[in-house]
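What follows is a structure written as structure tokens; I'll ask about it next.
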Amino acid sequence: MKERALSQWPIFMMMTLSVGLSSHVVVLPTVMDVSMRDAWMCGILAFIVIVPWLTVFVYGTIKRTKQVNIRMWLKERMTPAGAWLVILPLIVFLLMSSFQSYIETTSWTSATFLPLTPDFVVQSVLMVMVAFAALSGLRTIAYMSCLLLPVVVILGDFVMSANMPDKDYTVLLPFLEHGWGRPLHGMIYAVSCSMELFLFIFLQHYMRNRIKLWQLITFSGFIALLMLGPTIGAITEFGPIEAEKLRYPAFSQWRLVSIGKYFEHVDFFAIFQWMSGAFIRISLGLIMIMELIPIRGRKGRLWFIILISVGYIAIAQVLSPRMINAEDVFRIVFLVDLAIGLFITTTIWLLSFSGLPKGREHDDNAQQAADFNDGAGASNNL
């Protein structure tokens, strides 16, 4: 057992906020657009597809790699160039997913509750928060997730219950009016979100105990519910035609909430939900990138975060005015993410059958402990 390893709960809560933002918010407009009335089926179909993949490729790999640092594990089995062929696509995946969440969050912020605030200010403030969290290390954002997630879940249950009088479940009928084509099309994007569970392979060396199969399946089921809830809510509250036109279906449901006769406009609770997920998701992506490269020492990490922050803000300044056409780009991003996830998990799964090379287990474990202390304890360098 690693001395400073984390228990499973903080890791699972951190991943829930990260993957939950994608499945609950980011992918929803795309799924609604391609599947319309049958969009609520996409999360269920994705769960059915993802369970066998989790069992064989993710859990099978975790079981055989025995909680080692996968970056070091790859370098033990492949040439440096071969290892980078696996690591580099993952870095691209993390950069795309974190930036997608960043620009989506800042654009939503400017379009809804801070329309008069310059985009640069919104983008800079969020990036400063994310940069500080990324420099503080994975342990910090994991424990912060333990504080944020319960409130996020309670608020989600609240908006679901408060809008019950406005829901008309008959609009979900008829099922499969246009056949299986639409829900299967939407399922592809839903699977792309669930595919992010392969990141557990790269987080396993932070965990005190090995992940069990039932935990992975339960977690994927919870992610499916996170997609199912707002999808059914949007369709039953706004109707399938209007719901398909919404840019932010999950947030729009908060606009309907009122408490009694005198309390309305409680959609500010949605700000906490969205910001919690975005904060954790972007920070986690940057932390994992720094570990994969790897970047050592306080100054190296600081300069990397500064460069990434400047780059994110500069690109966001260019793309923010064009977010009206972002959905077409996001569709491509989801498909690229899906392809990268399949490539990485298949490659590592095939390599996992070779086992640890003899004579290298001790060195690998020693390096793994050093990597953990460098990543999880990064806050001590600040």
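Here the Cβ of each residue, glycine as well, is placed from N, Cα and C on the backbone.
So TrEMBL says this about it:
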{"type": "TRANSMEM", "residues": "12-32", "note": "transmembrane segment"}
{"type": "TRANSMEM", "residues": "38-60", "note": "transmembrane segment"}
{"type": "TRANSMEM", "residues": "81-100", "note": "transmembrane segment"}
{"type": "TRANSMEM", "residues": "120-138", "note": "transmembrane segment"}
{"type": "TRANSMEM", "residues": "145-164", "note": "transmembrane segment"}
{"type": "TRANSMEM", "residues": "184-204", "note": "transmembrane segment"}
{"type": "TRANSMEM", "residues": "216-236", "note": "transmembrane segment"}
{"type": "TRANSMEM", "residues": "271-290", "note": "transmembrane segment"}
{"type": "TRANSMEM", "residues": "302-320", "note": "transmembrane segment"}
{"type": "TRANSMEM", "residues": "332-351", "note": "transmembrane segment"}
How about the transmembrane segment (81-100) and the transmembrane segment (332-351): at least 3 CB pairs under 8 Å, pairs 6 or more apart in sequence, or not?
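In this chain the transmembrane segment (81-100) contacts the transmembrane segment (332-351) - 3 or more Cβ pairs sit under 8 Å.
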Mark yes when the transmembrane segment (120-138) and the transmembrane segment (184-204) have three or more Cβ pairs under 8 Å (sequence separation 6 or more) and no when they do not.
no
Output the single range from 12-32, 38-60, 302-320, 332-351 maximising the number of Cβ pairs under 8 Å to the transmembrane segment (216-236).
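Looking only at 12-32, 38-60, 302-320, 332-351, the most contacts with the transmembrane segment (216-236) come from 38-60.
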To the transmembrane segment (120-138), which of 12-32, 302-320, 332-351 is linked by the most Cβ pairs under 8 Å?
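If we count Cβ pairs closer than 8 Å to the transmembrane segment (120-138), 302-320 scores highest.
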Taking the transmembrane segment (271-290) as the reference, which of 12-32, 145-164, 302-320, 332-351 gives the largest number of Cβ pairs under 8 angstroms?
12-32
What same-chain residues lie close to the transmembrane segment (302-320): Cβ under 8 Å, and 6 or more beyond its ends?
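Counting only partners 6 or more residues beyond its ends, the transmembrane segment (302-320) has Cβ contacts under 8 Å with 99, 102-103, 106-107, 110, 119-120, 123-124, 127-128, 130-131, 134-135, 286, 289-290, 293, 295, 326.
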